[in-house]
Amino acid sequence: MLVLGLETSCDETAAAVVEDGRRVLADVVSTQVDIHRRWGGVVPELASRNHIVQVMPVVHEALTRAQKTLDDVDLIAVTSGPGLIGALLVGVQVAKGLSLATGKPFVGANHLEGHLLAIRLIEDAPEPPFLGLVVSGGHTSLYEVQAYGRYRLVGSTRDDAAGEAYDKTARILGLPYPGGLPIDQLAQKGDPEAIRFPRALPGDNFDVSFSGLKTAVLHHVRKHGVPEGQALADLCASFQEAVADVLSKKLVAAARRLGHKQLVLCGGVAANSRLRALCSERARERGLNMYLPPVRLCTDNGAMIAVAGYEAYRRGLRGDFRLAADPAWRM
Ligand code: KG4
Ligand code: ZN
């Protein structure tokens, strides 16, 4: 079964062609970061307008690279939430248009389900049940993936998402948006023990909090000025260590308490080098299996939506022309 996956929930216009929810034939991502960077974050109206311009060329490119045509496609899967309403609408309307024009079925997919199921695209992928931590710009949510379509939220952030903490910290430090990659790169040259930033592990549950960490960075910068050179690398490494420490601790603690052996990290922040290393290390120490998607499957892409759509279709879900974009869709 050939699935065309469409993703336009935020600032990436993405389309992919995936076979049987497992094999990626083509995966095209057109990012808008250059457009939003000068504003220091995603400007929703600019995002929707650019999706309109990019979406059909991106679909054509994906089909061309896969050496397929729309005739070969069996299902169109599209992110219908959560995300920016105007941005989501572009993908949803395109999916409906393509469906109407070709007679092919379409289905709306949840963006977080897409992140969680991206792991299905690696070799020796885990089957549910597994414990999945979605860490992205908009979400930091821990899910029990009990079966396809059965997800239980067991913990989340009380305030900022992990990616948001990265992006806000980058802004404080005068680094470009999005802040994850530049901080990650600088951190690799720094001392993670240079500054002891706070770790918020609120209560005996699986929630996390990052606003205190961001504020601690702000206080540090107010007191000492924006660091440069080695001091900047040290601050980035110390910040990164605090994020990775908190997330990996909560993930492993939840696995133990809930009795999971298979752990999955996903979402844009799952691209982070230290988070990947520390989660793997702590999982290994406790005899747990840590699964990490390759970096290109961590950040937003169409392939993960094709997988989520494929699984939804197999469960009997069908989109109809009343399908609405749901910016706050809770899974
Ligand atoms: O999943 P994603 O592409 O979009 C959302 O659904 O939000 O995640 C984007 C987030 C941004 O906040 C970005 O700074 C962060 O992922 N990110 C990283 C890294 N690469 C991207 N954070 C930490 N380390 C990275 N290497
Ligand atoms: Zn995402």
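Note that Cβ sites are derived from N, Cα and C of the backbone, with glycine treated the same way.
Cross-referencing ASP245, ASP300 against the Fe cation binding annotation in TrEMBL, which names HIS111, HIS115, picks out ASP300. Per TrEMBL, the substrate site holds VAL134, VAL135, SER136, GLY137, GLY138, ASP167, GLY180, ASP184; the candidate it also names there, chosen from ASN272, ASN289, ASN301, is ASN272. Of VAL134, SER136, GLY138, GLY180, all annotated as binding-site residues, the residue with the shortest Cα distance to ASP300 (Fe cation binding site) is SER136. The C-beta environment of HIS115 (Fe cation binding site), restricted to residues of the same chain at least 6 apart in sequence and closer than 8 Å, consists of GLY132, VAL134, SER136, CYS266, GLY267, MET304. Between the farthest pair of Cα atoms in the substrate binding residues (VAL134, VAL135, SER136, GLY137, GLY138, ASP167, GLY180, ASP184, ASN272), the distance is 18 Å. Considering other CB atoms within 10 Å as the measure, the emptiest surroundings among the binding-site residues GLY138, GLY180 are those of GLY138. By the rule that a residue counts when its Cβ sits under 6 Å from some atom of ligand 2, the binding-site residues VAL134, SER136, GLY138, GLY180, ASN272, ASP300 yield SER136, ASP300.
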